[in-house]
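First the structure, in the form of structure tokens, and then the observations on it.
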Amino acid sequence: MRSLSTASAVIVLQIVISPVTTFQYPETTSGLTKTSPSLSDHLHPPPAFSGTTVMAFPYMEAVVGFMILMYIFETYLDLRQHAALKLPTLPKTLEGVISQEKFEKSRAYSIDKSNFHFISQFVTIAMDSAILLYGVLPWFWKKSGDFLEPMGLNAENEIYHTLVFLAGVMIWSQITDLPFSLYSTFVIEERHGFNKQTIWLYFRDMIKGMILAVIIGPPVVSAIILIVQKSGPYLAIYLWGFMFVLSLVMMTIYPVLIAPLFNKFTPLPDGELRTKIETLASSLNFPLKKLFVVDGSTRSSHSNAYMYGFFKNKRIVLYDTLIQQCKNVEEVVAVIAHELGHWKLNHTMYSFIAVQVLTFLQFGGYTLVKNSKDLFMSFGFDTQPVLIGLILFQHTIIPIQHLVSFGLNLVSRAFEFQADAFAKSLGYSKPLRDGLVKLQEENLSAMNTDPWYSAYHYSHPPLVERLAAIDEADKKAD
């Protein structure tokens with residue numbers, strides 16, 4: 001469950017980088033007000049228009065009610081997972097595979113993260129509920145409009161108003177999220193040997209991220225507002241087309257221009273590992289153009305590998321921690337074989353298509369409610385600004401978001417099993433198995449998982465299930 005203030009603050013980066021989680025802006029149908037009541041005027045949820053007697057659907061109360069219900073449900077799952085994490089013994093499948101020392105470290109790390117999660121989620125639901133119930137959003141929207149005139153800007157200009165509002169919310173989000181982020185990084189991750197970054201590097205990355213948001217966000221948000229204001233019955237198509245092009249642009253420039261701002265990418269040196277990866281890629285007709293190592297160890301000892309690129313310009317990136325943690329070259333190549341399996345089996349294309357379909361459906365759904373005065377009034381707004389419509393719509397479809405997320409996790413886990421089977425078909429059964437175990441050990445991932453919790457939250461199957469699938473396939477092959 002993500003904080004409401006955080007969701008509003010990162011809305012620009014979501015629009016730019018991850019359209020599937022973004023809900024688009026409604027059309028403005030009235031001018032912006034200049035009046036700014038005090039926060040005390042919103043200490044209860046009054047109707048937006050005084051004297052209104054028509055009973056409207058209580059959107060805000062429904063949203064808060066569902067948020068609380070989901071918090072209760074997810075807390076129940078968290079408690080089940082917490083109980084699983086406290087089990088003193090390894091699953092039978094992992095006995096003799098994972099050392100007792102690694103199991104104890106993994107158990108302590110997972111319990112620490114679980115305890116912290118309970119606290120952060122409670123604070124999140126409390127803040128989100130208070131923001132909605134006490135009318136903080138309409139109050140802050142009107143205050144941000146008042147801020148324009150002293151700056152010599154037109155308070156009636158919705159783009160200016162929106163950008164000031166976003167700036168304020170981003171600052172608030174950074175302030176409220178900072179203690180949790182610092183504790184997670186410099187207490188929990190530090191305690192268990194994962195954190196490698198200094199406090200200076202941490203804040204430097206944070207400042208870079210904010211600068212990127214300031215550079216990229218305003219033109220994108222402004223363009224979307226103009227599209228919404230000037231589009232007619234084909235609004236959903238225009239917005240989807242804009243976001244489609246924007247997502248392609250961002251997927252192109254992110255690894256080339258943005259990612260290098262945070263990490264150093266160097267070509268993988270010549271040697272056995274590079275030769276075997278290139279040979280594997282060539283055998284699958286994978287158009288590998290560049291092979292990089294990224295200095296993930298400067299920030300964390302967690303490991304990863306990924307690929308990116310369009311058409312005939314594919315690139316593979318290995319974290320230096322992955323190379324260090326795997327026992328031998330074959331294990332690293334097996335991990336890459338798994339990743340190439342996603343490409344060969346068209347998982348990447350299917351995922352991209354799913355993103356586009358979901359994005360279009362979100363736009364289409366929004367057009368059905370974008371002019372609903374009752375929706376805005378329920379949350380305390382007497383105008384219908386574009387950004388506010390986005391935020392309100394995002395929260396009214398929370399039930400659908402959870403269902404979609406659950407469905408996507410089901411598909412993702414199926415893809416992972418298929419990619420494992422693909423790597424096995426290439427002869428990497430044992431090195432893949434050993435590599436998965438090694439990564440589980442080195443990342444201190446949870447060894448015991450509750451089946452309900454993993455089914456709801458996990459995009460990757462637990463290690464026990466993946467090893468069981470590999471072993472079953474080996475038995476059938478024999």
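In case you wondered, yes, glycine gets a Cβ from its N, Cα and C as well.
Some features that TrEMBL has for this protein:
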type: SIGNAL; residues: 1-22; note: signal peptide
type: TRANSMEM; residues: 48-73; note: transmembrane segment
type: TRANSMEM; residues: 116-141; note: transmembrane segment
type: TRANSMEM; residues: 209-229; note: transmembrane segment
type: TRANSMEM; residues: 235-257; note: transmembrane segment
type: DOMAIN; residues: 268-472; note: domain 'Peptidase M48'
type: BINDING; residues: His338, His342, Glu416; note: Zn(2+) binding site
type: ACT_SITE; residues: Glu339; note: active site
type: TRANSMEM; residues: 349-369; note: transmembrane segment
type: TRANSMEM; residues: 375-393; note: transmembrane segment
type: ACT_SITE; residues: Asp420; note: active site, proton donor
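With respect to Cβ neighbours within 10 Å, the binding-site residues His338, His342 differ, and His342 shows the lowest count. The transmembrane segment (209-229) makes no contact with the transmembrane segment (349-369), as judged by fewer than three Cβ pairs under 8 Å among residues 6 or more apart in sequence. Here the candidates are the recorded positions His338, Glu339, His342. The one whose C-alpha lies nearest to that of the residue listed as 'active site, proton donor' is His338. The Cβ of Glu416 (Zn(2+) binding site) lies under 8 Å from the Cβ of Ser459, His460, Pro461, Arg466, each of which sits 6+ residues away along the same chain. The secondary structure of Asp420 (active site, proton donor), as reduced to three states from DSSP, is helical.
Packing around Glu339 (active site) is summarised by its Cβ count: 21 other Cβ atoms lie within 10 angstroms of its Cβ, all protein chains included.
If you take every residue in the domain 'Peptidase M48' (268-472) and average the pLDDT, you get 91. If you draw a 10 Å sphere around the CB of the residue listed as 'active site, proton donor', it holds 25 other CB atoms from the protein chains shown.
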